[in-house]
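Colleague: Sharing a structure with you now.
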Ligand code: GLY
């Protein structure tokens, strides 16, 4: 993929109208006038590769620069964990719209020598002053005065900031499973960061969409708008020297400076000044932990993925268990029967998720039942391939997750693997930059069911909001690693990973095709996404819709379906076979695959 350098259009006055309907925008319409001509002098291109092969290792991530950093670490003798930590800090610098060090995530690690798989849970937590009803307080949060608090008002309020987990989690990963020092890692990341962030079309859209919220904070304006106070556009370069300095401080002092020292104090001061509730005590008390993954099997292949507080791994295993009762190969990829079956299964997965899933340190989740083959069989028995069951979703609470986030996968010469999904939640998180640090805060607390006090996932102090992030490994029936994969996409994440897996196992596709071929996404009913659940089917690039006959047939069986070009997810995968090491990136975002 090549993105042309646009710079700022010569001789034009740009009227940018940021619409409230278009995503993470403020409720007021904002008009921006570009007053000056700024000719572009330098031609810069952003080149990505969707597939790379090598003899020693492979990295796939959401940005070229981050993949290059990971490869550099592997070439310097680092193992997959060293490379993944470096790629992570790089992605948290370069994929500025999707993640950051003040976010959180789940890192799945495979140790080739011991065969052990572990998850580092670095999900954000709710501050101690969190109350279940804090997002319902219209006095504080009703920014447009309509007597209600909506998703965007909550998302871009400082109350939505959770205690960040990435810095503690990455340090834990490096100290426990890596071989290099934080200083060695950061030196490689910071050297790359000096070149600045090339603004892709995706970065441009994210900044434009959040323009109204960026206006709330001086430091956000300084970082994310150009000298004219306008959103950066594709081809521009964003420099973030404050974040480079922050990275060097973390290299020198460790995570302590982020959770107890100068950086902690700066975050607390700014967040409290803006009306948030995060305290020094919340940061001091934050802990990343090593936990056991969710595991299951699918047609003899072993599936290893994220456990709660992510719902992702559990529902991938549940979905695959249900699918095991059907002959997908005979149905055919993108057949009416397969689409129909995926939507029916989606109804069960998302209904169970809403009812049962939350942080297991706070609530009991019937994990054994959700991942049991017998439970899956009981669901499979209820599915009639000729008639949709539209009662499955009855009583499902609104689902409010953002679809941003990022994923990276790494494999080294010894077969160690990492799969890491991380996020600040929405595009540009909370849109709040902490002055003097280059750090953008998350808004992860809106992954709680913040508008429903009866929900199992209602906010509580110290609790981790429910996630869908699904870093996943698949092993062959003989126990050999088949692939490490994962994707962004909020609540659609596990539905995407599930399709990537069946494309390989049932439809015999190579990993590149399995990831890049058109797919579908299930959308549960909810106030934000619409009153009804539905299945979106991605058409081919040169088509506006899939075959009308397929849609008609699905509707005739009672399903709600639509075909449109909105994409959900962007998978990054690595694997090893007899020909060597391979990285695969998804064409849907700015991702890059590298190997050597
Ligand atoms: N914020 C997206 C997720 O946690 O799944």
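Note that Cβ sites are derived from N, Cα and C of the backbone, with glycine treated the same way.
All TrEMBL annotations are machine predictions without curation.
Source: prediction; values computed, not measured.
Got these off TrEMBL a minute ago, pasting:
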- 405: active site, nucleophile (ACT_SITE)
- 123, 423, 424, 425, 447, 467, 468, 490: L-glutamate binding site (BINDING)
Colleague: Helix, strand or coil by DSSP: which one applies to residue 490 (L-glutamate binding site)?
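Modeller: DSSP assigns residue 490 (L-glutamate binding site) to helix.
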Colleague: Which binding-site residues among 423, 424, 447 have CB under 6 Å of ligand 1?
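Modeller: By the Cβ criterion, which requires under 6 Å to ligand 1, the hits are 423, 447.
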Colleague: Any idea of the Cα spread of the L-glutamate site, 123, 423, 424, 425, 447, 467, 468, 490, as a max distance in Å?
Modeller: 14
Colleague: Using DSSP and collapsing to three states, where does residue 425 (L-glutamate binding site) fall: helix, strand or coil?
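Modeller: SS state of residue 425 (L-glutamate binding site) = coil.
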Colleague: Tell me, by DSSP, whether residue 447 (L-glutamate binding site) is helix, strand or coil?
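Modeller: The residue in question, residue 447 (L-glutamate binding site), is helix (DSSP, three-state).
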Colleague: Once near-sequence residues are set aside, which residues in the chain of residue 123 (L-glutamate binding site), 6 or more away, have Cβ atoms under 8 Å from its Cβ?
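Modeller: Listed in sequence order: 104, 105, 106, 165, 309, 310, 444, 464, 465, 467.
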Colleague: Please give me the binding-site residues out of 424, 425, 447, 490 that lie within 10 Å of the residue listed as 'active site, nucleophile', comparing Cα atoms only.
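Modeller: For the residue listed as 'active site, nucleophile', the binding-site residues whose Cα atoms are within 10 Å come to 424, 425, 490.
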Colleague: For residue 424 (L-glutamate binding site), what residues in its own chain, 6 or more apart in sequence, show a Cβ-Cβ distance under 8 Å?
Modeller: 98, 99, 100, 102, 103, 404, 430, 440, 441, 442, 443, 444
